[in-house]
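Features reported for this protein in TrEMBL:
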TRANSMEM  35-53  transmembrane segment
TRANSMEM  73-94  transmembrane segment
TRANSMEM  101-124  transmembrane segment
TRANSMEM  130-147  transmembrane segment
TRANSMEM  154-173  transmembrane segment
TRANSMEM  179-199  transmembrane segment
TRANSMEM  220-247  transmembrane segment
TRANSMEM  253-274  transmembrane segment
TRANSMEM  281-302  transmembrane segment
TRANSMEM  308-326  transmembrane segment
Amino acid sequence: MLRLRRSFIDIHEEQMPKSPVLIFGQDVSCLPKGCIFMIGSLGIFILYIVYGGVQEYLFKTPGLSEHFMALTAYQFCLYGIISFIESRIIGVVYHSNFPPWLYCSVGITTTGTILLSNAAVVYLNYPTQVIFKCCKLIPVMVFSVVIQGKQYKFIDYVAVACMIVGLIFFTLTDVSVQLTFDIRGIFAISLALICDGYIGNLQELAMKSYHIPALQILTYSYAFGFVLILVLLLLTNNLISSAVFFFEHFSDVFFWSTLFVLSGYFGLQFVLLLVHHFGALLAVTVTTVRKAVTIVLSFLVFRKPFSIEYVWSGSLVVIGIFLHSYSKNNGPKAERDYESKDGEQQIV
């Protein structure tokens, strides 16, 4: 989701060579490399493990999960407010040449990515949702080949093959051992990945062709998504019931949903810190270990059936992630810079 997303590394990386990454408004570039690595790694582990745990609690708890659409609307609202405040603090100048069609397209795909990812948590085993989210490379490559005519190396296709095989067997394991498996979850997360793969091309178009600042894209996307989800709540007659539920359980809903949003938004800053100072390969390593810890904690804290087949099928996905990261890290600098704009989304 975040995520994520989101969550969006490809937007922020457009600006990274020009300015340092700020952590809570502070430039940490003057610190020793080892200290920066520790700050980035601890920030990623603490915030994203909190994010994952709260996400599973919110969208798997009976009562709360029925209102996942309203929870996502609150997520968009808070994301939009934070990104707007951040843009004001650092002095981002908003451009008026944001085409309405592009604005709507980015908003719709952003909404689809996050809303469907949250919906997938309602219907799927949470580790399965995490594994699917690790495979953003698949739709990214497909859209890059189809839309941009981009050529990939053989190792990238091997990486995708590993991810696909791993996903298939992870899902089959879910079907065999999980009592609550729901095919709607697979459908939702697959659509979320398709939106995620397409959104990178739209964001790149906005930044390259119209020179729209990254934070403006984020703010507008979240504002559009908030309004769109409110309309969906009205059309499905869920707005009033969700509002009543939130009012009756205000303290719990407000605390957990706010913690969910803040941990996801600020966790991204620590990912950017590692990418900026150490490159994508190390950032992928840290975040992949974090995802593994999240999955382990999900099985331990939220009791669910376990099978050893989860381990080897998940390992195939991890191998695919590292193969692609290795390929990108060892390519020409120009190629790495280009790919960072449309292929780094799998890091978070």
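Every residue gets a Cβ built from N, Cα and C, even glycine.
Keep in mind that what you see is a predicted model, and the values were worked out from it rather than measured.
Per-stretch counts of Cβ pairs under 8 Å to the transmembrane segment (35-53) identify 253-274 as the leading one among 73-94, 154-173, 253-274.
Residues 1-7, 55-56, 59-60, 65, 68-69, 71-72, 75-76, 132-133, 174, 181-182, 184-186, 188-189, 191-192, 195-196, 198-199, 202-203, 205-206, 210, 217, 220-225, 228-229 of the same chain lie 6+ residues outside the transmembrane segment (101-124) yet bring a C-beta within less than 8 angstroms of a C-beta in it. Note on the transmembrane segment (154-173): residues 128, 131-132, 134-135, 137-138, 141, 186, 307, 309-310, 312-317, 319-321, 323-324, 326-327 of its chain, located 6 or more positions outside it, place their CB under 8 angstroms from a CB of the stretch.
Within the same chain, residues 127, 131, 134-135, 137, 155-156, 158-163, 165-170, 172-173, 280-281, 284-285, 288, 292, 295, 343, 346 sit at least 6 positions outside the transmembrane segment (308-326) and bring their C-beta atoms closer than 8 Å to a C-beta of that stretch.
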